[in-house]
Amino acid sequence: MNTTNKESTEELNNTESNNNHNNFAENGNIINLKQLKRKLPEELQAQAEELKIENINSLLKQELVFAILKKSVEQGGLIVGEGVLEVLPDGFGFLRSPEVNYLAGPDDIYISPSQIRRFGLRTGDTVEGQIRAPKAGERYFALLKVNRVNFEDPSKAYHRVHFDNLTPLYPDEKLGLELENNSKDSKDFSTRVIELVAPMGKGQRALIVAPPRTGKTVLLQNIAHAITTNNPEVFLIVLLIDERPEEVTDMQRSVRGEVVSSTFDEPASRHVQLAEMVIEKAKRLVEHKKDVVILVDAITRLARAYNTVVPSSGKVLTGGVDANALQRPKRFFGAARNIENGGSLTIIGTALIETGSRMDEVIFEEFKGTGNSEIVLDRKIADKRIYPAIDITRSGTRKEDLLVDKIILNKMWVLRRIIDPMGSSEAIEFLLKKLENTKTNGEFFEMMKSPERPKNGL
């Protein structure tokens, strides 16, 4: 991408770069670019009318934001911008916005190569700072001062350890998903069932194996709600690939977290670009010892997109999958890990099966052994309108003894031994009936006798 922005002395950060943006609010009103982008188009149009901007009906949302910012600066306003850095091959970069799914637009913020070198910035860094309007002959807003990098002091970014050099460990801290059933009318037991059959930890790499119409999207929404409720310290990102637009809107309105999407009418290259931005952002946050969770719907569609854009190797597997196509989606999924001395990246992704596509079956087989937790949804259970349609006997987590107390673990094993002779439908019906009579899993276990530890595990 070409740009007419030139490096200038005002684009170089000085010793005041670490000051909070409140320190430079003296000459005018502060306009927060992030808050502006979150406004509805109707609100932006009303604001543009107040500023007497012409032809607002013909402008797209990003163009409208650009026009409002430019007019506000002319009237003496100061702008604070935030975005996720994408460094281009030429050395300079732009701050992309999650509000527009990291799509390039006129309201992106230019960062010069000297600023990138000074603070050791890389693709995926979340940068906040003061920006200025484009000068004559320039097309983009430019960053003047860096206030924060990944929500911390900029000096910390220069001394962080690269993600690939961090030591991965098994998840050893539980990611609480259980939500209390405070009323008898509450019919959602999905997160409580997951806690019983496949407990999640920070750093988990989990697959939700789902045939069509088994409730995987609703299950993801319930998991997202549980994460934001029980783990407020976790940074949640929901990544929707090749999805229907109405499902994107539903997810955005029901999830308190960052929801980014690439719908089915967009090219495969766009799916790939969005996924790369999300995983790079997550890695940068983990380097700052933060806990990040990515919910992906679906890993299968992401692998299809990579299969479309990857250069042909001449070796084609069954179903039309290129031999080299799955390396990059595996690298995406494999980034999930618990980090020694702080930080974790958890990825919970859906894998589609029984779609009638041979390619989907090949993709699932390739990903089958890569996760350390698996939740299997059953079409037969869903056809009976029993939700969550989880096949308990086929779902589970590796090294669950690191996440669960020994006494509770023993009771979970006894529960599996009771359920094992049953069919998949009878097992989930039996468990749901028991859960309906209790508010929490703790109460459920109180009903069970304290058993001895089984000699042969499950």
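Backbone N, Cα and C atoms are what each Cβ position is placed from, and that goes for glycine too.
Residues Gly201, Lys202, Gly203, Gln204, Arg205, Ala206, Arg213, Thr214, Gly215, Lys216, Thr217, Val218 are recorded by Swiss-Prot as ATP binders, and the candidate that the same record lists for that site, out of Arg244, Arg253, is Arg244. Secondary structure at Gly203 (ATP binding site), as computed by DSSP, is coil. In the domain 'Rho RNA-BD' (78-153), the DSSP tally of helix, strand and coil residues is 10 helix, 34 strand, 32 coil. Ranking the binding-site residues Gly203, Arg205, Arg213, Gly215, Arg244 by the number of CB atoms within 10 A of their own CB puts Gly203 at the top. In this structure, the binding-site residues Gly201, Thr217 were compared by how many other Cβ atoms lie within 10 Å of their Cβ, and the smallest count belongs to Thr217. Confidence across the domain 'Rho RNA-BD' (78-153), taken as the mean pLDDT and rounded to a whole number, stands at 90.
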